[in-house]
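Heads up, the thing below is written out as structure tokens.
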Amino acid sequence: MTNTRKTHPLXKIINHSFIDLPAPSNISAWWNFGSLLGLCLIIQILTGLFLAMHYTSDTMTAFSSVTHICRDVNYGWLIRYMHANGASMFFICLFLHVGRGLYYGSYTYFETWNIGIILLFTVMATAFMGYVLPWGQMSFWGATVITNLLSAIPYIGTTLVEWIWGGFSVDKATLTRFFAFHFILPFIITALVMIHLLFLHETGSNNPSGLISDSDKIPFHPYYTIKDILGILLLILTLMMLVLFSPDLLGDPDNYMPANPLSTPPHIKPEWYFLFAYAILRSIPNKLGGVLALIFSILILMLFPLLHLSKQRSMMFRPMSQCVFWILVADLLTLTWIGGQPVEHPFVIIGQLASILYFAIILLILPTVSMIENKLLKW
């Protein structure tokens, strides 16, 4: 008798995706982040659902409702901080997942890569709107500053901003629609994740060597299920350490003050995971130029498959490209640091140089180094 797992229409899909999936035998811990991102998404949807049961999206009561969740709801403080720090864990996993893709040349799977970039944009939009919901000082001013960037669009900019706001400033209408979008987007993200996996399973996983691994495949279960469980345990451990010992480590103290349109915080800055893009935005004196640089800092990821000039897929055997890659990582860390600093000397010039270096590495240095390596290997 054939196994139900292999014949039942629904169980068959799960079987081909998570149990009998042929996987390369040599994928390292860098391949764990896909499953960790799935876990993060589940945690965020569940904690978010329970928060939404007690939250009110009204300017008068939003801040108080978050306070009520933390003080009066059973384990409300735990749910709230798991959701806030879960977002940070989500972005840590996202950045490492994208970094892995860049290092090992996984971007040569066009469809999977491009869906991944759309996912990155969607998650960033969701996180931004979620940050507005507690209606603290940084929520309000962050929303004002970031939505205002759209006014840089010629001709329709101002109208567009007022349309998004639902009025002449960030107010009740803005908060209500942001809550609605923040609620629906994770489900859209879930659908996109399924498409992401669908395209991935068309080609099979890449592996550290970048070579075709069809001749040496092993079943996903039990080998990679047990490996994923280790990653999951470490992720939960890290998240709970953050939540239970220093829940406000990555937050902004200004957000514990209710939103006040009449008083601007001394330094308006987004959450840490947007600081690199914020630094690039601020490094250009022109408003429209800054907005374009901000968008292209993420969109540039779509060019990687076109800029891949090396004859080898992975960077595993390309020491020169490895050096350039780690300089890019250091540059992104520098941009993250600069994004959190005030706009004054020497931070301005450091930010500008780091921004130039970021685009130069991706568009110029990495492709050039790849060609040099080809020549050195007489390819």
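For all residues, glycine too, the Cβ spot is worked out from N, Cα and C.
What Swiss-Prot says about this one:
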type     : residues  : note
TRANSMEM : 33-53     : transmembrane segment
TRANSMEM : 77-98     : transmembrane segment
BINDING  : H83, H182 : heme b b562 binding site
BINDING  : H97, H196 : heme b b566 binding site
TRANSMEM : 113-133   : transmembrane segment
TRANSMEM : 178-198   : transmembrane segment
BINDING  : H201      : ubiquinone binding site
TRANSMEM : 226-246   : transmembrane segment
TRANSMEM : 288-308   : transmembrane segment
TRANSMEM : 320-340   : transmembrane segment
TRANSMEM : 347-367   : transmembrane segment
Cβ-Cβ distance under 8 Å to H201 (ubiquinone binding site), same chain, at least six residues away: H16, S17, L21
Contact call for the transmembrane segment (178-198) against the transmembrane segment (33-53), three or more Cβ pairs under 8 Å: yes
Same-chain residues at least 6 apart in sequence whose Cβ lies under 8 Å from H83 (heme b b562 binding site): Q44, T47, G48, L51
H97 (heme b b566 binding site): secondary structure state under DSSP, collapsed to three categories: helix
Intrachain neighbours beyond the transmembrane segment (288-308), with Cβ under 8 angstroms and 6 or more residues off its ends: 98, 102, 105, 107-108, 110, 113-114, 117, 120-121, 124, 149-150, 152-154, 276-278, 280-282, 355, 358-359, 362-363, 366-367, 370
